[in-house]
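Undergrad: So that we are looking at the same thing, I have put the structure below in structure tokens.
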Amino acid sequence: MDVTIQHPWFKRALGPFYPSRLFDQFFGEGLFEYDLLPFLSSTISPYYRQSLFRTALDSGISEVRSDRDRFVILLDVKHFSPEDLTVKVLDDFVEIHGKHNERQDDHGYISREFHRRYRLPTAVDQSALSCSLSADGMLTFSGPKLVDPSHGERTIPVSREEKPSSAPSS
């Protein structure tokens, strides 16, 4: 069973006055007028309506999953190469830092930098952590959880007592 700790739709626009892109992870892509004042989006076009909900991959929001066997962080870093990224584990935290120097793109020159810090669950095996970058720019940081035999499934026998219970009956 996957349990999403930080669900992407939770931070989506909940109304017309919520700046949906303001807190998203668009590293250096810039904000537009309708991002800061979405009710004025008619200045761009009276027929344009920005979607209030986007997919997690489009928005760049990180996602943290923790299930019974595994801990996973998914992070959209499509504007960074593996050489631009640094992933460190410090005590009970994983720090992901990305930075690339100024480079030219279609609209001029741009530089990007971000820093993310996540707390690792105590049950994660820190000696078996791994990190990979997919071709479409998704960084996946994962690690297995330690198996604690004392917390496994066990059967508790039910004994029968001869005396009645002292608890009041309903």
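A Cβ is built for glycine as well, from the same backbone N, Cα and C atoms used for every other residue.
Okay, these came from Swiss-Prot:
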- 52-161: domain 'sHSP' (DOMAIN)
- Ser45: phosphoserine (MOD_RES)
- Lys99: N6-acetyllysine (MOD_RES)
- 1-63: region 'Required for complex formation with BFSP1 and BFSP2' (REGION)
- 144-170: region 'Disordered' (REGION)
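Let's see these features in context: how buried, what's close, how far.
TA: Applying an 8 A CB threshold to same-chain residues 6+ apart, the list for Lys99 (N6-acetyllysine) reads Asp84, Ser111, Arg112, Glu113, Phe114. In the three-state DSSP reading, Lys99 (N6-acetyllysine) counts as strand.
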Undergrad: Go ahead and report the DSSP secondary structure tallies for the domain 'sHSP' (52-161): helix first, then strand, then coil.
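TA: Output for the domain 'sHSP' (52-161) reads 13 helix, 55 strand, 42 coil.
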